[in-house]
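A short write-up of the structure that comes next.
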Amino acid sequence: MTTVNDRPETAWRNPLRDKRDKRMPRIPGPCGVVIFGVTGDLARKKLMPAIYDLANRGLLPASFALVGFARREWADQDFANVVFEAVKEHARTPFRQEVWDRLAEGFRFVQGTFDDEAAFERLSETLDKLDAERGTGGNHAFYLSIPPNAFPQVCEQLCKSGLARPRDDRWSRVVIEKPFGHDLKSARELNAVVNSVFPEESVFRIDHYLGKETVQNILALRFANALYEPIWNNNYIDHVQITMAEDIGLGGRAGYYDGIGAARDVIQNHLLQLLALTALEEPVSFSPHELQAEKIKVLSAVKLAEPLDETTARGQYAAGWQGGEKVVGLLDEQGFAKDSTTETYAAITLEIDTRRWAGVPFYLRTGKRLGRRVTEIALVFKRAPHLPFDATMTEELGQNALVIRVQPDEGITLRFGSKVPGSAMEVRDVNMDFSYGSAFAEDSPEAYERLILDVLLGEPSLFPVNAEVELSWEILDPVLDYWATHGKPEAYESGTWGPASADEMLHRTGREWRRP
Ligand SMILES: NC(=O)c1ccc[n+]([C@@H]2O[C@H](COP(=O)([O-])OP(=O)(O)OC[C@H]3O[C@@H](n4cnc5c(N)ncnc54)[C@H](OP(=O)(O)O)[C@@H]3O)[C@@H](O)[C@H]2O)c1
């Protein structure tokens, strides 16, 4: 089957092809996906369901295969049963037997551990066989859904077995999940290992936030409209708040989270990526290279506001009430050290040294066991320079705000002052809402659907390159070093909006956190 992606970019360009309706879905050429860590949480809840959903939407090539690699003694059929359960439980689209049957014909399982060279030989033979039997064309994506300390070993095994270096015009890509290191030094070491095996254009680092429609819509909102860009600067914007709040706790995640904390887990990747998209200059085009160049430029201009004892805050959740249930504090969660100093809440203040943003603080915060699950970017505008009303009539008028709601209830809210009906000229805040759910008939695809599809298409726009990862650590490292030598996180009650020090951080500048 010929697909749009079969031909190399340098090939003669058919003018009809260039006039292709860009709304038509792009389908990757023949290929296979190998998932390392198929027994893990991420594979079960996100990756296997996303692959089924792509198949169900007709977005996978007919010649497709999925290979699981894990240490269990499974036959191909056992693996197929595991994928089936994952799909039944977590897929977004309805189950269709004929789609499943066709997809499952391409399932294979390879048993082994990461230090076992023979297992990688078996993997190589399995892929060769699939190329011959299913026409997967020697094109493979290796998805490392495994503990980060195993990344180097698996990359080296892929190198030794020859799987990382495809022949001729075939491709071999590696997909890695955050965390990309735990500080600048380890990130550089990881990048060096990965890049010694895979060239940078074959490395796809997943920050699943970038796969979300609402996040991609930041660029549409800013650059497809005349309305916002003229006010998207320090003449009109007072400050920006970027929030990722979760109501869940960390029960069962001690192995991953203890010693890592909220800043490394969320600020270094998701929140700094949201900041980059909010603050970047207009790219020359949306080609991956141009977009990345603008993200790198703006991240290079970001600096921490100081002094850090006033411009940062961290906390750790204590017992409290959440959704009508009594919940324990972090120190009583299973697996956490009784004297753990891991922060479950982190807030930092950033400045951006550019003409557009000079003087506009960007406040980033994230936490577990907060009042509500919500991710949003709020641009809070300066007050009108003059209010020709009696002061008592504007007591309930706040600052105008444009809020990009990333999740849940994806959409955009504009908050502004409006006259309260009645004989007096009383002005109060109101909200104007755009909601994805009601504006578009089609459900947004899951982030992992979009990202896996882009890996198979070789489309790198939504994946941070190593320069972005390293710049993000450069921004965050001084905070982590400061916290490591200055006390411990402040306790906050579960179900509230974090520690008092985070409120003080904003009050010092006469501002307040939003309570979404
Ligand atoms: N879960 C999420 O929502 C999420 C979100 C963002 C990023 N991530 C990242 O995604 C990756 C996977 O996360 P996860 O939550 O799925 O982890 P997980 O539940 O701990 O699964 C890890 C997987 O790796 C396998 N594994 C570990 N050591 C191995 C070895 N020596 N040889 C062979 N297999 C080995 C495990 O197999 P066994 O079953 O045999 O132990 C398991 O399948 C991690 O890098 C994580 O940081 C996860």
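Here the Cβ of each residue, glycine as well, is placed from N, Cα and C on the backbone.
As the structure is a computational prediction, the values presented were derived from the model and not from experiment.
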Substrate binding, same site as H208, K212, D265, K368 - TrEMBL member from E189, E246, E290, E343: E246
Cβ under 6 Å from ligand 1: qualifying recorded positions of K212, D265, H270, K368: none
Most Cβ neighbours inside 10 Å, all chains, among the binding-site residues E246, D265: D265
Listed binding-site residues among R71, H208, K212, E246, K368 whose Cα sits within 10 Å of H270 (active site, proton acceptor): H208
Rounded Cα-Cα span from K178 (NADP(+) binding site) to D265 (substrate binding site), Å: 8
C-beta crowding around R71 (NADP(+) binding site), within 10 angstroms: 13
